[in-house]
Amino acid sequence: MFGSGSSCGLPVLLTDVYCKTLLVLNKPRYIACLHYLWGKTMGKKRVCIVGSGNWGSAIAKIIGKNVRDRSELFEETVMMYMYEELVNGRKLTEIVNTEHENVKYLPGIKLPDNIVAVPDVVEASKDADILIFVIPHQFVKTTCRSMAGKIKKDAVAVSLIKGFDQTPEVGIQLISTVIHDMLNIDCAVLMGANLAHEVAEEQFCETTIGAATEEEGNLIKEVFETPYFRCSVVTDAQTVEMCGALKNVVAIGAGIVDGLKMGDNTKAAVIRLGLMEMVAFGEMFIPGCTRETFFESCGVADLVATCHGGRNRMLGEAVVQSEKTLKELEKEILHGQSFQGPLVAREIYSMLELKNLTERFPLFTAIHQICKREMDPRDFIECLRNHPEHL
Ligand SMILES: NC(=O)c1ccc[n+]([C@@H]2O[C@H](COP(=O)([O-])OP(=O)(O)OC[C@H]3O[C@@H](n4cnc5c(N)ncnc54)[C@H](O)[C@@H]3O)[C@@H](O)[C@H]2O)c1
């Protein structure tokens, strides 16, 4: 079903026999070798962050520091594309560039002063070698349309975006595939149990980089890894990305359990059944999907974190406690941010319906119907009693 956008081919000399030998014999020296080759032979890399919401700003804090600390590899200034908004009559870009704080999307956290907010995505990205995509998935196509033909031909992308794209012609597509196809560049992914405000506060967590090869993943790791943000690399990139989108749907289910005032046992059952549907979905639709990937941070860890703390869980709870529409709840709870879970649930549902598979995925199906207000949330648990996992 999914086309691959992750044939990431960073043009470095990492196939060098010396480097390969070091990888087997001595990992720290391999990393040093990688620094040397990447920094010395290819010139310093310029990083651009495409997006500046809650997660975009949290990751900007990490990237701003890393490019300074690894100045042999990276240019110091990092452009950050920011969709312009007025906050108390002032442009948000101006606030970020003078006060070094995204007062709307990540208040209370200082950003390094080498992060420069730019309201024009072409201006921000035209000279970049590494493009970090971190906008809500519904804006990917319009953003890529503006960038197409105006970026470096050998740039590479890393998508931190959780969600799918869907069109009537193609059906569901991974966001990395959309980026790859629209910009004609390779695209890796980074996903994990990474609630933005906790990462911004430097609380320890893990994440997963999905790249076409381990070498490429290790290069990308240089941009992101810190002692409090530990990155592991896998080559099953499509599964990594799929986990990042689907866990938001399961999190709505966890929120519904909270809204129904049920306890931890029921929530754990919803999380487990949700995980089993994620695995079944991956095995059905992703070529080369491996079960091990679900045990990485992008899989079970992200699922558990999101089912306890994320905004989609909050939505599930609110859907039970109020009669309001999703749009009204979004406005009331998130003040400008967006719920990704209902969009993904709708995209998944239309695909499952088309393939006559809704009965195989009762949790995904029920969550979509509840979000659409076509099912009473009080019937949620009822429709899980005869889940295929129990038959
Ligand atoms: N927030 C988290 O904890 C977290 C963690 C991991 C991954 N993610 C993923 O990161 C991605 C971005 O999420 P976020 O939390 O940073 O976003 P957000 O919901 O905080 O912010 C929305 C952003 O979209 C921008 N925007 C609004 N209209 C736009 C338009 N027409 N075109 C382009 N941009 C527009 C806003 O300016 C803002 O920067 C999502 O895919 C999300 O799932 C989020």
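Note that Cβ sites are derived from N, Cα and C of the backbone, with glycine treated the same way.
Here is what TrEMBL records for this protein:
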| type | residues | note |
| --- | --- | --- |
| ACT_SITE | LYS247 | active site, proton acceptor |
| BINDING | GLY51, SER52, GLY53, ASN54, TRP55, GLY56, PHE139, ALA196, ARG311, GLN340 | NAD(+) binding site |
| BINDING | LYS162, ARG311, ASN312 | substrate binding site |
| DOMAIN | 47-215 | domain 'Glycerol-3-phosphate dehydrogenase NAD-dependent N-terminal' |
| DOMAIN | 236-382 | domain 'Glycerol-3-phosphate dehydrogenase NAD-dependent C-terminal' |
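Taking the Cα atom of each, PHE139 (NAD(+) binding site) and LYS162 (substrate binding site) are about 12 angstrom apart. In the vicinity of ligand 1, defined as a Cβ distance under 6 Å, the following of the recorded positions LYS162, LYS247, ARG311, ASN312 are placed: LYS162. Ranking the recorded positions LYS162, LYS247, ASN312 by the distance of their Cα atoms from the Cα of TRP55 (NAD(+) binding site) places LYS162 first.
In sequence order, ASN248, VAL249, ALA251, ILE252, GLY255, THR306, PHE339, GLN340, GLY341 are the residues of the chain that are 6 or more apart from ASN312 (substrate binding site) and have a CB within less than 8 Å of its CB. Comparing Cα positions, the residue listed as 'active site, proton acceptor' lies closest to LYS162 out of the binding-site residues GLY51, GLY53, LYS162, ARG311. In this structure, GLY53 is the one among the binding-site residues GLY51, GLY53 with the smallest number of other Cβ atoms inside 10 Å of its Cβ. Across the domain 'Glycerol-3-phosphate dehydrogenase NAD-dependent C-terminal' (236-382), mean pLDDT in this model comes to 94. Excluding LYS162, ARG311, ASN312, which define the substrate site, the same chain contributes ASN248, ALA251, THR306, GLY310, PHE339, GLN340, GLY341 within 8 Å (Cβ to the Cβ centroid), listed in sequence order.
Under the DSSP three-state reduction, ASN312 (substrate binding site) is assigned to helix.
A count of other CB atoms within 10 A of each Cβ picks out TRP55 as the most crowded of the binding-site residues TRP55, PHE139. Between the CA atoms of ARG311 (NAD(+) binding site) and LYS162 (substrate binding site) there is a gap of 13 Å.
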